[in-house]
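Noted in Swiss-Prot for the protein shown:
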DOMAIN    2-93  domain '2Fe-2S ferredoxin-type'
BINDING   Cys37, Cys42, Cys45, Cys75  [2Fe-2S] cluster binding site
DOMAIN    98-197  domain 'FAD-binding FR-type'
Amino acid sequence: MSLNVKLHPSGIIFTSDGTSTILDAALDSNIHIEYSCKDGTCGSCKAILISGEVDSAENTFLTEEDVAKGAILTCCSKAKSDIELDVNYYPELSHIQKKTYPCKLDSIEFVGEDIAILSLRLPPTAKIQYLAGQYIDLIINGQRRSYSIANAPGGNGNIELHVRKVVNGVFSNIIFNELKLQQLLRIEGPQGTFFVREDNLPIVFLAGGTGFAPVKSMVEALINKNDQRQVHIYWGMPAGHNFYSDIANEWAIKHPNIHYVPVVSGDDSTWTGATGFVHQAVLEDIPDLSLFNVYACGSLAMITAARNDFINHGLAENKFFSDAFVPSK
């Protein structure tokens, strides 16, 4: 069975056999539509069903209002007939192929209380292509976890990852207690549609915890291109000592178009900077977001709160781009 899937407004058409999800069918056809977690948790792959029938698995993201508007999640919906969808298509990703690469642990640096910065070296013949902001799956002993790439494309070709230690986490135990330098690992990627869009709007980057990793990659890429858009970086942490890098402050000192505000959400008597929820700090400085693009990476709760509050302060819904951390299943 071959079913046609037509995307609007691009007019792109691909086929599905009805047994794979709409998202997987699209990616198998090298058609890149919005997605992130691929398991129905983050909601990035939300699309509007214009016509046709789909079989959708249960998910916790779509509201009754979403369903009434015809919204589906392409990562957990399968086509039952020819269908038409209102969903973004990204030709910028058409030249990028997801592959599995061998790599070695070139270095590991433990910073702060619970963060490890990994540098992975690929073979000289393995040239991974990605857009700043995308993520990879790190594969160790048959297990995998998704991590955002923390450095811009180019450089020495290494892949930088920022990993937070999770209490009783199997993968965390491997990374923090068992990994050895030069150990052979594998990565699969790149994945995701989290990258900087090419327009002239000023940018707000919103990061929670190690959500700073893709922000670092995207800002580095903007600097490398000498992009002069106004960039506002807000990075939230529970306490002042949790900030594990000073590079954002260095950017702000060196580049007049880059502005940086670290925000502490917890009780820290030594902290003299911005406090509270990191997205609320944005609204205190920029109460009207109607002329901005926002890129947010962090917990699902942070992403959801930021999206709702930012839209209420003028941000166009299609100008909010996010990559939410979701728990491993």
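Cβ coordinates are placed from backbone N, Cα and C, and glycine is handled just like the others.
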#### Entry: Those binding-site residues listed as Cys37, Cys42, Cys45, and which of them has the most Cβ atoms within 10 Å of its own Cβ
Cys45
## Note on the structure
All chains considered, the count of other Cβ atoms within 10 Å of the Cβ of Cys75 ([2Fe-2S] cluster binding site) is 25
### Task
Would you identify the secondary structure of Cys75 ([2Fe-2S] cluster binding site) according to DSSP, in three states?
helix
#### Entry: Additional residues around [2Fe-2S] cluster, ordered along the sequence, whose Cβ is within 8 Å of the centroid of Cys37, Cys42, Cys45, Cys75
Leu23, Tyr35, Ser36, Lys38, Asp39, Gly40, Thr41, Gly43, Ser44, Leu73
### Task
Check the domain 'FAD-binding FR-type' (98-197) for me and report the mean pLDDT.
95
